[in-house]
Amino acid sequence: MRRLNRKKTLSLVKELDAFPKVPDSYVETSASGGTVSLIAFTTMALLTIMEFSVYQDTWMKYEYEVDKDFSSLAVNIEYKTLIFFNTDVGADVLDLAETMVASTDGLVYEPAIFDLSPQQKEWQRMLQRIQSRLQEEHSLQDVIFKSAFKSASTALPPREDDSSQPPDACRIHGHLYVNKVAGNFHITVGKAIPHPRGHAHLAALVNHDYNQMFQYFITVVPTKLHTYKISADTHQFSVTERERVINHAAGSHGVSGIFMKYDLSSLMVTVTEEHMPFWQFFVRLCGIVGGIFSTTGMLHGIGKFIVEIIYCRFRLGAYKPVNSVPYEDGHTDNHLPLLENNTH
């Protein structure tokens with residue numbers, strides 16, 4: 001008997017429903033409620049798709065700190081000078097620490113044709129387009145960071161045509177290792193001659209009709225790049241250029257040549273590609289669904305309440321009177337429709 005009572009008790013507990021169910025026939029449905037539900041589900045679907053696209057995308061995070069790396073800086077150089085020959089040109093670096101880096105340490109001088117080949121011109125136009133777009137669209141830099149630009153060639157491609165034209169210029173290319181202090185890289189007439197009190201260029205026997213000075217002021221910012229494709233230690237820089245004619249008679253003094261004055265920033269920029277974590281995406285998705293359900297429900301209830309007040313105030317719809325009882329004094333008494341099973 002005890003076993004039977006225990007079984008009956010368990011079955012009774014299992015069948016017990018503490019939350020009474022309201023039959024569907026008792027739930028009031030309306031066209032306005034269906035319209036609001038349709039709008040809510042459509043909005044949820046659109047926002048979910050948009051949120052998923054944001055979840056798939058990445059963004060670049062910029063952090064700034066003091067540059068603690070005191071190692072040498074590798075400077076890649078690609079330059080071509082017109083008219084000068086290899087024996088007439090000298091290039092070197094002199095920094096604020098009075099350290100001179102001779103061009104023989106890593107630069108190569110070779111005769112070249114000043115005009116670019118068709119393939120080289122196409123490479124030049126591509127770089128010019130990228131530079132112009134970067135000046136207009138600053139956010140394009142993030143796209144370049146995300147792309148696998150490490151695999152793309154940034155150096156001048158070799159000439160593809162076998163031209164019989166004699167060389168009329170000198171190509172200077174290679175790399176130099178300099179200290180991380182401000183310095184001056186210059187290309188001018190004559191080979192560099194170092195001496196204890198500075199340096200000079202052997203150009204006493206060189207004469208030219210036009211003296212031109214080209215100056216480039218470069219600010220270099222150390223940058224560490226970490227993306228899902230590559231990790232690299234690189235540098236960003238900004239350039240301001242200036243040129244003028246050397247004319248001592250007119251008071252425009254100086255030395256003809258190409259001068260690149262560079263200065264390194266003491267701050268280092270760390271650029272990291274980040275992605276939205278899944279838990280954050282899930283929380284945002286739940287917020288979208290729950291927020292739309294709550295908002296549409298409140299708006300529908302408020303709108304329905306306002307409509308009921310208007311209909312009741314102006315006796316419209318279900319509140320429209322159907323019986324008019326005239327009185328002797330001339331006024332009428334309007335009666336609302338009677339409910340079922342109700343009498344006067």
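Cβ atoms are placed via backbone N, Cα and C, with glycine included.
Copied from TrEMBL, the annotated features are:
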DOMAIN    13-77  domain 'Endoplasmic reticulum vesicle transporter N-terminal'
DOMAIN    164-207  domain 'Endoplasmic reticulum vesicle transporter C-terminal'
DOMAIN    208-298  domain 'Endoplasmic reticulum vesicle transporter C-terminal'
For the domain 'Endoplasmic reticulum vesicle transporter C-terminal' (164-207), the mean pLDDT of the predicted model: 70
Residue distribution over DSSP helix, strand and coil in the domain 'Endoplasmic reticulum vesicle transporter C-terminal' (208-298): 24 helix, 49 strand, 18 coil
